[in-house]
């Protein structure tokens with residue numbers, strides 16, 4: 001069980017990359033909107049798409065972690 | 001905490017069909033949506049007033065949102081996207097009322113993802129014809145494998161994203177309400193139930209719309 005818990009913790013570390021990625025993307029989006037406020041709608045759409053794709057990696061890590069704890073392979 | 005939904009009752013047909021909590025909550029959502037739409041659309045007039053104004057503004061803004069991406073084809077796909085959006089917004093936020101959200105079951109999200117990818121394939125066939133659709137697989141030898149992979153990874157990622165987000169939100173809410181039973185869960189519920197539920201609905205519909213846009217171009 002101890003090793004399983006460590007494995008689950010390591011799997012959840014994927015959140016680091018996704019967090020940095022989404023932070024960078026949001027920062028750039030804010031910059032872009034402040035330079036060109038009229039393009040806000042289109043930038044918002046692109047940011048949502050990028051956020052969703054970047055978030056997927058973190059979610060996969062989280063899923064692996066939760067399944068390791070619950071199903072105890 | 002268990003990940004498998006509990007069986008509520010069994011239909012005594014063909015040797016017993018188990019009906020899980022997920023399906024029961026889905027039936028409740030469907031009944032609520034159907035009854036609400038019947039009540040809201042009763043006695044509409046040419047000049048809107050009261051609830052009719054609110055509904056018309058909501059539908060109009062959603063249609064504009066779809067029209068922005070799909071252009072002239074919005075009329076064919078807006079009803080499907082709107083229905084999915086309505087179902088998902090209720091399904092994701094129903095945790096407030098104490099029901100387990102049906103989207104925390106992988107079966108629900110897989111079904112929705114398969115529906116979405118089927119819509120994308122149909123949209124592609126309608127826009128380019130069966131020949132054009134088949135041709136899009138054979139642009140180059142490597143392209144075929146990438147396109148085939150796309151066909152499977154897209155629904156997988158749609159389903160896993162929605163399932164993972166909602167499961168994580170419910171798990172965290174459960175942990176919080178076990179640790180601090182009063183006041184604090186209400187604050188966190190605003191983010192995890194309302195905001196996250198709405199955002200995930202938006203992401204699901206937006207990604208489906210994007211795939212359709214790519215298919216009909």
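Just so it is clear, glycine is given a Cβ too, placed from its N, Cα and C backbone atoms.
Just so you know, TrEMBL annotations are computer predictions that nobody has curated.
Within the model, the domain 'V-ATPase proteolipid subunit C-like' (A:6-68) shows a mean pLDDT value of 88, rounded to a whole number. Annotation source TrEMBL lists domain 'V-ATPase proteolipid subunit C-like' at A:6-68.
Residues annotated as site 'Reversibly protonated during proton transport' in TrEMBL: A:55. Residues near residue A:55 (site 'Reversibly protonated during proton transport') in space but far in sequence (CB under 8 A, at least 6 apart, same chain), listed by position: A:18, A:22.
Look at TrEMBL and you will find A:6-25 (among others) tagged as transmembrane segment.
Positions annotated as transmembrane segment by TrEMBL: A:46-71 (among others).
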*Looking only at the domain 'V-ATPase proteolipid subunit C-like' (A:6-68), what are its DSSP counts of helix, strand and coil residues?*
61 helix, 0 strand, 2 coil
_Non-local residues, at least 6 beyond the ends, that sit with Cβ under 8 Å of the transmembrane segment (A:6-25)_ = 47, 50-51, 54-55, 57-58, 60-62, 64-66, 68-69
